[in-house]
């Protein structure tokens, strides 16, 4: 009974989170392509891989906590039914290319994201539960990288909406900023002890994780920047 209550509470938070994230993404990118559902399912797959490994293998949390997060929150946050409905809607609207692209990206990126989460939990998060300041230093530096990227992306998006340049510049910057952030974080991690014992597959996983984090950071910054512009701040 306790597990059922935990799942219900986690599911409530997951459903509300999906609603807020989807509306935020569609507000920025529009509804021409189901980008919100794609982002939700990919990010949910990453969290499923990461948290299932941490909560079951490393932290060994109680069943109720695992059920609340893995079954409740992530089960309600991700949505296969919406993906199926939006794909069929694209087919019926005559957008076969978008429909096939949605199916391909959803399957491929969700698998990559889940594997990246498992890889991160198994190989990169190896510090004690109560790490020392020296152990935390690389993670704090990474946090500074992503925080700077978030700030830069937010200011960029605010300026783009305020001065209203061409759409091509907006798209170009959305490609350039994640690329630069991915390069910076990848080079930083490659120089750390965590990368010393990784083979080619491990290094590739490191790059994929860095790319996903960078894209998510820049997207969040663009979303915040647009929101600030809409508030006329």
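For all residues, glycine too, the Cβ spot is worked out from N, Cα and C.
Keep in mind that TrEMBL annotations are predicted by a computer and have not been checked by a curator.
Note that the coordinates shown come from a computational prediction; the quantities given were computed from them, not determined experimentally.
Within the same chain, residues 18, 21-22, 25, 65-66, 69-70, 74, 77-80, 83, 102, 105-106, 109-111, 113-122, 125, 212, 216, 219 sit at least 6 positions outside the transmembrane segment (38-56) and bring their C-beta atoms closer than 8 Å to a C-beta of that stretch. The transmembrane segment annotation in TrEMBL covers 38-56 (among others).
Under the heading transmembrane segment, TrEMBL lists 68-91 (among others). Remote same-chain partners of the transmembrane segment (68-91), defined as residues 6 or more beyond its termini with a Cβ less than 8 Å from a stretch Cβ, comprise 6-15, 17-18, 34, 37-38, 40-41, 44-45, 47-48, 51-52, 55, 98-99, 102-103, 106.
With a cut-off of 8 Å between CB atoms and residues at least 6 apart in sequence, the same chain places 7, 10, 11, 14 near residue 75 (Na(+) binding site), listed in sequence order. Under the heading Na(+) binding site, TrEMBL lists 75, 78.
Among the features that TrEMBL reports, transmembrane segment is placed at 97-118 (among others).
Nonlocal intrachain contacts for the transmembrane segment (139-160), taken as residues 6+ away from its ends with a CB within less than 8 angstroms of a stretch CB, comprise 169-170, 173, 177, 181, 184-185, 188-189, 213-214, 217-226, 228-229. Marked as transmembrane segment by TrEMBL: 139-160 (among others).
The transmembrane segment annotation in TrEMBL covers 172-190 (among others). Through the fold, the transmembrane segment (172-190) approaches residues 138, 141-142, 145-146, 149, 152-153, 156, 160, 203, 206-207, 210-211, 213-215, 217-219, 221-222 of its own chain, all at least 6 residues removed from its boundaries and within a Cβ separation under 8 Å.
Here TrEMBL flags 202-224 (among others) as transmembrane segment.
Residue 75 (Na(+) binding site) carries a helical DSSP state (H, G or I). Taking the Cβ of residue 78 (Na(+) binding site) as reference, residues of its chain lying under 8 Å away and at least six apart in sequence are, in sequence order, 18, 40, 41, 44, 45, 48. Counting same-chain residues at least six beyond the ends of the transmembrane segment (97-118), those with a Cβ under 8 angstroms from any Cβ of the stretch are 32-34, 37-38, 41-43, 45-53, 83, 86-88, 90-91, 205, 208-209, 212.
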